[in-house]
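Copied from TrEMBL, the annotated features are:
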- B:MET47, B:ALA196: substrate binding site (BINDING)
- B:ARG123, B:SER169: ATP binding site (BINDING)
Amino acid sequence: MTLTADAIWKDVQAIRQQSPLVHNITNYVAMEFTANALLALGASPVMAHTAEEVREIVGISQALVINIGTLSPAWIQGMREAMAEAARRNVPIVLDPVGVGASQLRTGTARELIEAVPPRIIRGNASEIIALGSDAQKTRGVDSSATSSQAYETARALSKRYGCVVSVSGATDLILQGDQELRVSNGTPLMTRVTAMGCAASALTGAFAACNPSALHAAAHAMAVMGIAGELGAEQGHGPGTLPMHFLDALHHLSAGQLQARLRAGE
Amino acid sequence: MTLTADAIWKDVQAIRQQSPLVHNITNYVAMEFTANALLALGASPVMAHTAEEVREIVGISQALVINIGTLSPAWIQGMREAMAEAARRNVPIVLDPVGVGASQLRTGTARELIEAVPPRIIRGNASEIIALGSDAQKTRGVDSSATSSQAYETARALSKRYGCVVSVSGATDLILQGDQELRVSNGTPLMTRVTAMGCAASALTGAFAACNPSALHAAAHAMAVMGIAGELGAEQGHGPGTLPMHFLDALHHLSAGQLQARLRAGE
Amino acid sequence: MTLTADAIWKDVQAIRQQSPLVHNITNYVAMEFTANALLALGASPVMAHTAEEVREIVGISQALVINIGTLSPAWIQGMREAMAEAARRNVPIVLDPVGVGASQLRTGTARELIEAVPPRIIRGNASEIIALGSDAQKTRGVDSSATSSQAYETARALSKRYGCVVSVSGATDLILQGDQELRVSNGTPLMTRVTAMGCAASALTGAFAACNPSALHAAAHAMAVMGIAGELGAEQGHGPGTLPMHFLDALHHLSAGQLQARLRAGE
């Protein structure tokens with residue numbers, strides 16, 4: 001398996017041309033930044049969470065992104081119905097188990113949702129992936145205290161159990177499905193000092209999954225684009241406050257040349 | 001009917017002097033940007049949605065802005081009560097039917113709210129206005145796929161039916177009440193790549209309606225100020241990430257000279 | 001009582017080294033900015049509000065920050081349980097009575113929460129502190145119409161009644177506990193034209209309280225850091241739109257020299 005700038009660029013162009021509608025049921029913290037990241041990439045975001053309307057919204061969407069930060073019972077019900085409808089319509093689902101391991105509610109909800117309707121892609125940081133796959137790990141809130149290589153065995157096991165792609169973010173992102181693996185080493189540590197960057201990565205993964213039938217490549221392309229736009233944003237900005245807006249500008253202006261010059265991919 | 005920079009400037013000065021309290025029941029995505037847009041203009045925002053307190057908050061407010069993005073049953077009840085109280089106290093109501101047409105919940109709620117208490121101003125993009133007024137239109141999420149001129153007949157019919165102003169955003173904004181019409185052609189397409197710009201337009205419309213007894217002029221002045229601040233913001237920024245903050249700076253510093261130089265109004 | 005740049009710097013270094021987990025139950029408007037302010041300072045934010053998980057989240061946190069903007073019944077129940085658990089575990093609690101006085105729901109909830117579990121620190125603007133402590137004051141939404149010196153007697157009475165620190169923001173911030181008082185005169189009026197600045201101050205107060213056992217000094221240090229980063233942000237920016245991101249950059253880069261050069265403290 002290889003990851004090439006050409007293949008990423010093809011997806012970026014497809015997203016800009018097709019402007020896929022990405023339905024997000026996400027946490028309150030990340031809503032605005034997620035919507036702006038999708039718009040900057042060229043996709044079209046819609047946020048809708050209540051059980052009374054999620055099935056219809058899934059019905060007009062090209063991807064569904066589920067993010068379990070700031071959970072509550074009514075939202076969980078919305079997530080269940082949206083995922084069931086997406087499965088019925090074959091709309092790709094990305095699930096981000098934010099803060100799984102920090103409470104029984106989060107761990108139980110993430111596992112229940114995945115058991116009921118295995119998503120096409122599970123995307124989280126290393127601590128979250130480990131906590132999702134084993135009871136050994138206790139996460140400390142929503143920030144990762146593990147590296148993606150520490151999550152390797154758990155990610156493989158989750159991928160095999162649910163037949164899905166697992167995308168683990170970190171200094172090196174690990175994206176795998178069964179025995180196929182891709183790695184991306186773009187990005188900058190400053191991105192971890194900005195909230196909702198991981199949530200945005202999951203949303204962009206949804207946009208790529210809407211346009212690329214290979215969930216493995218879609219997930220890897222999204223992480224490469226996140227990392228490269230993050231590097232550009234950090235270079236234009238002067239800290240975690242100015243990074244996000246320059247990241248969005250970079251997403252909007254992202255070129256084939258920038259992808260070629262900056263992609264750091266491995267197997 | 002004409003729209004002049006002098007009349008807009010008079011309203012901007014009134015808002016800065018009076019700092020009207022604008023009560024917003026709006027969606028999660030738009031909350032922060034909406035509050036910051038009102039503050040930058042010189043108004044004072046308050047967000048409160050629960051049925052247990054909205055009547056009291058309306059009671060201290062000079063305008064009420066209802067935005068149906070990210071709906072849920074409890075919020076709809078808050079909207080009903082807030083609108084009833086605003087009608088009782090003659091507080092101007094602006095209603096933004098975000099994403100109407102995308103689900104039965106949104107379409108039904110928007111129509112029910114408007115039937116129960118006709119707002120002074122309905123403000124939406126062309127797809128939303130068409131979907132609100134007819135069952136022919138299916139919206140695609142929250143972004144518009146129609147032009148304001150395509151919404152012309154529906155906007156007129158809505159205005160006549162409910163005795164309200166209808167403000168339709170687009171490359172050219174159309175603002176009408178019965179047979180009176182105003183048009184504004186300010187703004188830049190980049191604003192459509194930033195979330196919550198339409199929601200902010202509705203909130204600013206509330207601030208203008210608090211200070212100008214002509215709802216038609218208030219609505220048109222708000223769209224002109226949105227468009228001109230958007231142009232200034234786009235010129236200062238380098239993409240959809242840096243546009244919003246420069247837009248807010250521009251709102252805060254907006255001058256009579258800038259209004260004179262940039263207003264593109266028609267009938 | 002004196003406030004020194006050295007003591008503030010010691011706390012800033014402790015926060016950066018320990019990265020305390022700060023659990024926030026806060027309003028929808030302030031969520032993203034609050035999380036980013038904590039990250040920029042060096043702390044780790046977690047947002048969780050539902051009664052089903054708040055006790056566990058408190059159990060892994062080093063501070064709890066309760067903010068009553070955008071209240072609803074389910075959230076109030078989450079606040080009650082989180083505060084009870086924090087009291088049981090001796091986790092410091094900061095309570096921000098946003099908009100208290102604007103509705104019976106806000107006033108009643110703030111008072112009920114404080115009576116049930118007196119927080120270690122109450123932090124609000126002058127109008128809010130006056131409204132919390134007496135029925136004479138009617139607040140006008142969430143913005144202050146009083147000065148911190150006008151809130152002096154009420155703040156003293158609240159502090160004595162509940163045995164807590166009261167931190168009153170204003171042109172001069174007043175922080176007192178019983179007969180001990182500190183004052184900070186940093187900051188800029190432009191900060192009042194940006195939403196969620198007060199909410200961020202409360203969140204930073206939580207981070208300082210996690211690392212400094214003196215709640216009085218923790219509260220004062222947080223206000224000094226807010227004010228100084230706000231001054232730096234306003235100098236780097238060009239209005240209320242560009243202030244917040246430069247404020248976050250300044251928080252991230254804050255140095256001992258900047259604290260020494262800018263601290264304006266009094267008794």
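Placed from the backbone N, Cα and C atoms, the Cβ positions cover glycine too.
Overlay of TrEMBL annotations on the structure.
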residue: B:MET47; record: substrate binding site; DSSP class: strand
residue: B:ARG123; record: ATP binding site; DSSP class: strand
residue: B:SER169; record: ATP binding site; DSSP class: strand
residue: B:ALA196; record: substrate binding site; DSSP class: coil
Legend entry - Subset of B:MET47, B:ARG123, B:SER169, B:ALA196 (binding-site residues) with C-beta under 8 Å from chain A: B:ALA196
Inset, instruction - Mind sorting out which of the binding-site residues B:ARG123, B:SER169, B:ALA196 are close to chain C, meaning Cβ under 8 Å from one of its Cβ atoms? - result: none
Inset, instruction - Looking only at C-alpha atoms, tell me how far B:MET47 (substrate binding site) is from B:ARG123 (ATP binding site), rounded to the nearest Å. - result: 19
Legend entry - Cα-to-Cα gap, B:SER169 (ATP binding site) vs B:ALA196 (substrate binding site), nearest whole Å: 13
Legend entry - Neighbouring C-beta atoms (10 Å sphere around the C-beta of B:ARG123 (ATP binding site)): 31
Legend entry - Neighbourhood of B:ALA196 (substrate binding site) by C-beta distance under 8 A, where only residues 6 or more apart in the same chain count: B:VAL29, B:ALA30, B:PHE33, B:THR34
Inset, instruction - Measure from the Cβ of B:SER169 (ATP binding site) and count the other Cβ atoms within 10 Å, all protein chains considered. - result: 29
